[in-house]
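Notes follow once the structure below has been shown.
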């Protein structure tokens, strides 16, 4: 404590200092001191060589500094509880008691999370209504039940307890006021109905094209993430991207947990109530996001264990612009981290065989896994074809890259030859069409000429006929 006080920027006096296992717990006065203590975390080395980790969480004032209720306040509380008591049903309704109009009018702050307030309520129940059968404590913002441990002794006949609409984190809080009597065994049928759980489903994509696009993106992303230098992830994020990290459950001893490196950056809003820290732990812009990811411990991901769900694909109707290089980018990155189960650890990095084979499939070493990830990233091929290329070249990276380049050049030449062939065919077809058009035009011209000649012959014959008739008349 002295070492912490010496380097802490804000002077403080620990309140209710006590030890729990290998941890030291104490209270401080305000948020400013708590934030200053967070800055001291990992700056002091303990005698055993470990750096001292300091965690600060908001809480209610400790018992030693909580004000005891005055006698007149207790009398006013009795009057309030008597109005809420139903004698015919032996039920006491203390729902949302902190907002009771009578108590508010007397400036009595009845917060049942405070030990003094809860003990006053339980003592009134024991002294005045020990026959109580039903107690309603809903909507009182209760997040722990430590102060209700004496409830079975205060109200031994209690049958109904309503704790709905509170802030309890787990049902284990109910263990704190058990009466010690074992429950009778449940009444069941002789023949139990077997329960079949639905099978676990794999990844879901809206279309096959989207599956290929997202698969390639994830392979490239985690190949860079696991490489040690995560600066290459800048291209994966939008300029205005945001990122947050959360550990979804509480750990009894964070200092000894395998996730200790992540606790200082955890933004679990169910645990973290300080709005300043919530905002500080939310990373904005892609530069801050990648800088934050670069500070996280080195990892190694098993691509084959990924389960990807595309919840929705939105098609925007309107102006469509085609880009030269169509790619994905991350706008909102929400990272949840938990410990892997024993089963997940055993199944990790086991390459599944695509088809049954008589020859055994060798398990890739860590070096081969890294080589496979890098080759897939550089070549743009998926893991299956990248592994096949490396296997065909005896895991010689340079030789495999040369073979891939030759195949790529050969494929480009074939494509160019095919394109040239198609162009020649198109030109020939166009020439044939032009020749046909010329022939049709010439045919139509000859037809018009023949018609004109026939007309001249007809006119000449008519002229001769008219002349002969004229001579006859004369």
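Every residue gets a Cβ built from N, Cα and C, even glycine.
As annotated by TrEMBL, domain 'NTF2' applies to 213-337. Per DSSP, the domain 'NTF2' (213-337) is made up of 46 helix, 21 strand, 58 coil.
What TrEMBL lists as domain 'TAP-C' is 366-421.
Below 8 angstroms of C-beta separation, not one residue of the same chain at least six residues beyond the ends of the transmembrane segment (418-441) sits close to that stretch. Under the heading transmembrane segment, TrEMBL lists 418-441.
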Counts of helix, strand and coil residues, the domain 'TAP-C' (366-421), according to DSSP: 49 helix, 0 strand, 7 coil
Mean of pLDDT values spanning the domain 'TAP-C' (366-421): 75
